[in-house]
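Peer 1: Dropping the structure in here first, questions after.
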Amino acid sequence: MGKLENASWIHDPLMKYLNSTEEYLAHLCGPKRSDLSLPVSVAYALIFLVGVMGNLLVCMVIVRHQTLKTPTNYYLFSLAVSDLLVLLLGMPLEIYEMWHNYPFLFGPVGCYFKTALFETVCFASILSVTTVSVERYVAIVHPFRAKLESTRRRALRILSLVWSFSVVFSLPNTSIHGIKFQHFPNGSSVPGSATCTVTKPMWVYNLIIQATSFLFYILPMTLISVLYYLMGLRLKRDESLEANKVAVNIHRPSRKSVTKMLFVLVLVFAICWTPFHVDRLFFSFVEEWTESLAAVFNLIHVVSGVFFYLSSAVNPIIYNLLSRRFRAAFRNVVSPTCKWCHPRHRPQGPPAQKIIFLTECHLVELTEDAGPQFPGQSSIHNTNLTTAPCAGEVP
């Protein structure tokens, strides 16, 4: 997330005589501290507190509640883990560099770690969002197939591939980064000038950024958009069909509410990550920097940084706002002994019609219009039918 260079983008062939090393270093690298350090740091601190607490709660409720251990929620768990990595490991480095643009004190290993971390979580996040969208598409459009194939064991295998691919594809950008020193005209290194930046030819960096932005943002978001469009058509078609009292029905309210929540998650994800990729692509396509271009880039860079970290904090808020089941799980984890923190049981309504959840193992997830369910509650009312556990699942 850090800038590759600062004032050195703009080549000054008539470098004037400077009286001190500090002035010379400031001429080469720009100011040591960003003008927006204080307000951005305050924003980052708020995002850090909300994001860490929220994502820890997400992980806890999924781990502790058996009813939430579904394939879709495993992907959301992966997304929460990547958000925690960014907030706990990436944000402190970002704040430090905001107040001390140079020197970089953590050496080559710290530089490699920083670059690999941001690249890995960037790729893992978009791949997790893509996989959960594909799972939702299969559950909506091909429910029988989802019942047979969408298992927790399969989700774990896919997540292993997601993180493995993310680490592998982070290596190209990581390998071209390193510690770079500024030099005096006589060739000696300027003290305190170490920065973590690109050390290979810039065309290599530009090519990597353009390729990864296409493979890990433009292409996945296009696929996700198509999938949610098809899901919307299917849900709209189902709503237009007249209810058949004899036919077996799918629990459409739950299916629709889960899809709505995931759609909002994807939409917010796209909004938050678009500035990040605009920032990277902007830098990669500019060949000759001017003061106006540098000013525009610096503005985009600050905005992209705030939105990048904001994306790591908003997901738990989305779950809490749009998922009754998740709100109940939150309350159960935060204050399990507080009787006022849990919703009262609703009065028993009229008998419900017989409903079979054709994709029960997949669709009973974070959201449920019928209210929160925990172990001991039943999803089928007034019916003698029983449901068998999904293949590969624990009852």
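Using the three backbone atoms N, Cα and C, a Cβ is placed for every residue, glycine included.
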Peer 1: Quick check on the record annotations: which of ASN186, ASN384 is tagged N-linked glycosylation site by Swiss-Prot?
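Peer 2: Checking Swiss-Prot against ASN186, ASN384, the N-linked glycosylation site entry points to ASN186.
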Peer 1: Would you mind checking which of CYS59, CYS111, CYS338 shares a disulfide with CYS196 in Swiss-Prot?
Peer 2: CYS111
Peer 1: Based on the annotations in Swiss-Prot, which residue of ASN19, ASN173 is described as N-linked glycosylation site?
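Peer 2: Among ASN19, ASN173, the residue Swiss-Prot annotates as N-linked glycosylation site is ASN19.
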Peer 1: From Swiss-Prot's topology annotation, check whether SER257 and THR21 share a side of the membrane.
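Peer 2: The record shows them split across the membrane, with topological domain names that differ.
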Peer 1: Here are some disulfide-bonded residues: CYS111, CYS196. Which one has the most Cβ atoms within 10 Å of its Cβ?
Peer 2: CYS196
Peer 1: For the transmembrane segment (258-278) and the transmembrane segment (158-178), check the count of CB pairs under 8 Å (sequence separation 6 or more) and say whether it reaches 3 or more.
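Peer 2: By the criterion, they do not touch.
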Peer 1: Counting CB pairs under 8 Å, which listed stretch among 75-95, 213-233, 294-314 touches the transmembrane segment (42-62) the most?
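Peer 2: Of the candidates 75-95, 213-233, 294-314, 75-95 scores highest.
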Peer 1: When you check the transmembrane segment (294-314) against the transmembrane segment (158-178), do you get at least 3 Cβ pairs under 8 Å, counting only pairs 6 or more apart in sequence?
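Peer 2: No, the transmembrane segment (294-314) and the transmembrane segment (158-178) are not in contact.
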